[in-house]
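First comes the structure, then the notes that go with it.
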């Protein structure tokens with residue numbers, strides 16, 4: 001999934017986080033300078049901070065850009081974005097693919113897109129293994145990913161440390177709320193790759209991988225963890241995301257004022273991270 005899905009639930013949660021952060025920030029004494037954690041504002045300075053033993057609660061926020069080197073095209077790059085391959089459907093807006101109402105009427109565009117995203121087609125990149133390494137070193141507080149390609153899981157990031165904000169392809173259910181039967185993700189994948197539209201064998205309704213569409217409630221874990229995680233974060237690493245779509249973007253401003261924020265992205269992105277560099 002790209003950086004596209006926004007819902008009232010997510011916006012409300014992020015506003016709560018921002019309000020909580022602002023309330024805590026207001027308690028800082030006027031004129032008091034925040035503690036400096038980096039000895040140098042650079043990648044090297046971040047590396048030394050990680051090695052110092054003072055950095056123990058790293059949060060990673062990632063987007064489609066960390067998977068492009070695996071061969072998976074992102075959603076915004078000109079001429080290579082996934083949306084460009086769907087021009088034959090004459091979509092009024094690319095976002096329609098992720099509208100649950102549109103999916104019910106015309107599931108073909110999403111199923112075409114799903115072929116390019118399904119797990120098993122691509123392998124993890126060094127970015128995914130870096131996140132896993134942080135977990136192995138007991139430095140990773142949480143990995144928040146906008147992606148649904150499950151490459152974090154394949155790389156070995158522990159499930160308890162991972163928040164797939166938009167869900168994933170690992171499970172699938174009937175979209176009829178009165179049925180909601182779970183179906184094998186392998187069977188759904190086989191149907192899609194055979195150019196068939198997966199339908200429930202009980203009620204005949206469409207089956208969709210458990211990724212969040214517009215008009216659907218976001219994954220529960222998204223609601224449960226940010227309020228606990230971000231106030232404890234002592235290093236925020238943002239990779240492969242444009243940081244222009246709310247409410248995901250606002251989370252970078254909910255960490256403590258002293259927390260270094262490292263942005264790694266191919267193009268210019270957010271303006272407020274403390275370290276950024278074009279790669």
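A Cβ is built for glycine as well, from the same backbone N, Cα and C atoms used for every other residue.
These features come from TrEMBL:
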type	residues	note
ACT_SITE	166	active site, proton acceptor
BINDING	174, 179, 200, 203	Zn(2+) binding site
DOMAIN	36-279	domain 'Deacetylase sirtuin-type'
Close in space, distant in sequence - residue 200 (Zn(2+) binding site), Cβ under 8 Å, 6 or more apart: 174, 176, 179, 181, 183, 206, 207
Distant-in-sequence Cβ neighbours of residue 203 (Zn(2+) binding site), under 8 Å, six or more positions away: 174, 176, 178, 179, 181
Sparsest-packed among the binding-site residues, when each Cβ's other Cβ atoms within 10 Å are tallied, from 174, 179: 179
Stretch-averaged pLDDT - the domain 'Deacetylase sirtuin-type' (36-279): 85
Residue 166 (active site, proton acceptor): tally of other CB atoms within 10 A of its CB: 23
Three-state secondary structure, residue 174 (Zn(2+) binding site) (per DSSP): strand
